Amino acid sequence: MLYLGRIISGITGATGAVAASVVADSTAVSERTAWFGRLGAAFGAGLIAGPAIGGLAGDISPHLPFVIAAILNACTFLMVFFIFKPAVQTEEKPAEQKQESAGISFITLLKPLALLLFVFFTAQLIGQIPATVWVLFTESRFAWDSAAVGFSLAGLGAMHALFQAVVAGALAKRLSEKTIIFAGFIADATAFLLMSAITSGWMVYPVLILLAGGGIALPACRAYLCR
């Protein structure tokens, strides 16, 4: 049942692409890195509250975090259904333009973006590693309980939100998207190397700063893809 729940969660949780497309359609090119950073910060805010609530609720009952998550998802669905409005109004395209677009294959559209899509995939993959193994890693190496794990992820989420909402946008005014992407990858690589070598629980927290700093790569990737 746990795996079935995770499958359903994955199927119904693909809202990030829709949110990113709304940002791309409603912002200027020069501002997209900053706005994609704010979108990532919103995710980071959830990463702050979610593990903290889950850690505290998990100490009460292992079922309670799932009940809370279900209630929050239902509230989100209702808010989007009744409140959300499209960022842009779609206009009917002329018949000639429709025929011209129909003649372009999906593969043809993807070819110029293949390498950048691979970079974006890599950045997303890197971002999923801590979330996937964090509980097992910290419980096995440092004997952390669910509350300690939850608060550590909350701390990561807070720093992740700061880097994406503030740092990514500030860097975009001075540096190119490519430079920001490289900087994010270097920060992530350094963090993972240090994480593999640490021997005490307190050492995790300084490394989390680097791990959060690596998050600046994602908004830069999204902004570059939109060009």
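Sequential numbering from 1, following the chain as shown.
Even glycines carry a Cβ here, placed using N, Cα and C.
Over in TrEMBL, the protein carries these features:
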type	residues	note
DOMAIN	1-227	domain 'Major facilitator superfamily (MFS) profile'
TRANSMEM	6-24	transmembrane segment
TRANSMEM	36-57	transmembrane segment
TRANSMEM	63-84	transmembrane segment
TRANSMEM	104-127	transmembrane segment
TRANSMEM	147-172	transmembrane segment
TRANSMEM	179-198	transmembrane segment
TRANSMEM	204-225	transmembrane segment
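Listed by sequence, the residues of this chain that lie at least six past the ends of the transmembrane segment (63-84) yet keep a Cβ under 8 A from its Cβ atoms are 5, 12, 50, 53-54, 57.
If you average pLDDT over the domain 'Major facilitator superfamily (MFS) profile' (1-227) in this model, you get 79.
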